[in-house]
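A.B. asks: Here you go, one structure.
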Amino acid sequence: MEFVSEWFWFFLCLPLAALSGWVIGRRGGQRHGDNQVSHLSSTYFRGLNYLLNEQPDKAIELFLHIAELDKETFETQVALGHLFRRRGEVDRAIRLHQGLVNRADLSDQQRVQALLALGEDYMKSGLLDRAETVFTELAQIDQRAPQALKHLIGIYQAERDWEKAIDNASRFEEVTGEPMGKLIGQFECELAERYRGAGKIDEARAAIARAYQADAMSVRAGIIEGRLENDAGNAEAAVRAFERAARNDPEYLPEVLQALMQNYRKVGDLGGARAFLSEMTEHYRGIAPVLALTQLMEEQEGVAPARAYLGRQLKDRPSVRGESALIDLTLAEGADSTATLHDLKHITDQLLVRNPAYRCTRCGFGARTHHWQCPSCKEWGTVKPLLNYAVL
């Protein structure tokens, strides 16, 4: 029953196609046409019987035979292949669509449609090299170029071939007019990180420059640039890069804050650090800049002013990590109820360990470490630090 229900709508539509063919044959008033329609109808119902009895391979043979005899069934064959693919029977979908592609009597439009379906079958089955060949051919055809290019971008992402991904994303933008700068910027950042890992610093800097050219607001480019400058011992340049990243999207401030503060200290500009952190408290709703400011206040002014400042801030932006820091400062002051505070400290530390530090704003995927591409929905640049709970 479950198998039959999955094919219900397909079966419902196929008789309409058969009926229309019969009507056309009758209107033609030709005995040969009537005989052909009768033969097709018989073959068609045999095919349905094979499907109902879960013999799809025999059904495929018959439906391909129908397609050879009647061009009007082409769309039906393509739809049948799509149905096989959705059911996870990709080998059968490939066989059906490949049979259509091999037909010599297809129009150019039909051949393109069959090729597109075949390429999608290959992608579904993980045969990316074959899919690449099909979509590269289709990308040269204006009518289907956008679909083919989009598939090629997906293939090259999966293969981590960032140069080809960039080339195809650029062409997709040219063909469709759809902005691709943010995606191209991510691909350039992937190259920059690859070059940085290989010690090719000049190439990494060039990739960062291209990333900014593609997406002037790229947070990731700023983070990589800051790390490059930090590696090279250029503290002032690192500060500028990390500040740029945080200003472009304050929600990524926790990702750069530790390295930023280290470089502020290297250049001896704690005043600049306090000014920047104060600026961030106006644009960022989390606790991270408040905690960094609290630490600077403790160092420069003492525990009591730092504790008072943090207590005021926590009224407006409650945070588990903020509560933990407040407990630390209270303990440092030697206040009463030390045992209770130690218990609270233990509880809040446990909460910090158990909860995710990052969440995808698109699908809700939670993670303890940061990912530029969400492992769940595969969207780029949507996994961000949580604001008011675990790590902030």
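Cβ coordinates come from backbone N, Cα and C, glycine included.
The feature Fe cation binding site is assigned by TrEMBL to Cys360, Cys363, Cys374, Cys377. The domain 'LapB rubredoxin metal binding' annotation in TrEMBL covers 358-385. Feature annotation from TrEMBL assigns topological domain 'Cytoplasmic' to 26-392. If you look up TrEMBL, you'll see 6-25 marked as transmembrane segment.
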A.B. asks: Just give the helix, strand and coil counts over the domain 'LapB rubredoxin metal binding' (358-385), going by DSSP.
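C.D. replies: Helix, strand, coil within the domain 'LapB rubredoxin metal binding' (358-385): 0 helix, 10 strand, 18 coil.
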A.B. asks: For the recorded Fe cation site formed by Cys360, Cys363, Cys374, Cys377, name the remaining residues of the chain with Cβ within 8 Å of the site's Cβ center, in chain order.
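C.D. replies: Those within range, site residues removed, are Thr361, Arg362, Gly364, Phe365, Pro375, Ser376, Lys378, Glu379, Thr382, Val383.
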